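Annotated features in Swiss-Prot:
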- 89: active site, acyl-ester intermediate (ACT_SITE)
- 185: active site, proton acceptor (ACT_SITE)
- 251, 252, 253: substrate binding site (BINDING)
- 1-43: signal peptide (SIGNAL)
């Protein structure tokens, strides 16, 4: 069948007075032009998004790191995606992923006891359960949904501390994230200090691995994403910057030097999910962070991924 088709092509070329060689040259040239056009379109789109992200930095007097992955098309949107930022409380979603990776679902029913001395600043859930303790699953949920800092420290302890967390990320391909301290010291975010830092690209890649990749089986992925969908601290962040009919599961973070972050898995209707990491910082230690910056950045992403 293939030989007959080649014969027909040869006859057609002969009739038109074109050699097979010239036909190949013509089609090859057309393909090259098409490839150049597509490359140019992508480059133009990247330049446009870079300009918009740069304008947001000027508007809010902040440094911005962005990485988004359309898991259906593998298209990415990025800006300062390889620059380091303090990850702040965004680690809690990924640490919960590590916890699920290293333990059976039954382990989530284990009751963990802790004392008043274990409590650190901003522990709205754990502070109510000093006398009774909490199930490990409840602690993980408190860390992700309420950003409870004592719960975050307990997660760290259950996975081998900050360095255990870092090691677990290395095993899924992250060669960037540095994890060194517990809550609340990890939120210092001193410029130039690489402790407790990562990049938007590394964090987004980790979140993708735990929520849609192979780092967790489907049943555990569902547990993690349900915790993230119930996040009580992200309404003014990525969730505010995407269409209202998109489902968002996120984990926010905040620290000194105007650090404000949000990472999310976002489900547009009838489309594969999008993974988004948005990190930000400012120059002054006591600078106030801007939720609106984290809300406006995803508007650029949504427009670019259409």
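Just so you know, glycine gets a Cβ as well, placed from its N, Cα and C.
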CB contacts for residue 251 (substrate binding site) [other CB atoms within 10 A, all chains]: 31
Other CB atoms within 10 A, centred on residue 89 (active site, acyl-ester intermediate): 26
Cα-nearest neighbour of the residue listed as 'active site, proton acceptor' within the listed recorded positions, 89, 251, 252, 253: 89
Inter-residue C-alpha distance, residue 252 (substrate binding site) and residue 89 (active site, acyl-ester intermediate) (nearest angstrom): 6
Where the residue listed as 'active site, proton acceptor' falls in three-state DSSP terms: helix
Alpha-carbon spacing, residue 253 (substrate binding site) to residue 89 (active site, acyl-ester intermediate), which is rounded to whole Å: 4
Assigned conformation of residue 253 (substrate binding site) - DSSP reduced to three states: strand
Substrate site shell beyond 251, 252, 253, criterion: Cβ within 8 Å of Cβ centroid: 88, 89, 90, 92, 93, 147, 231, 233, 234, 237, 250, 254, 261, 262, 263
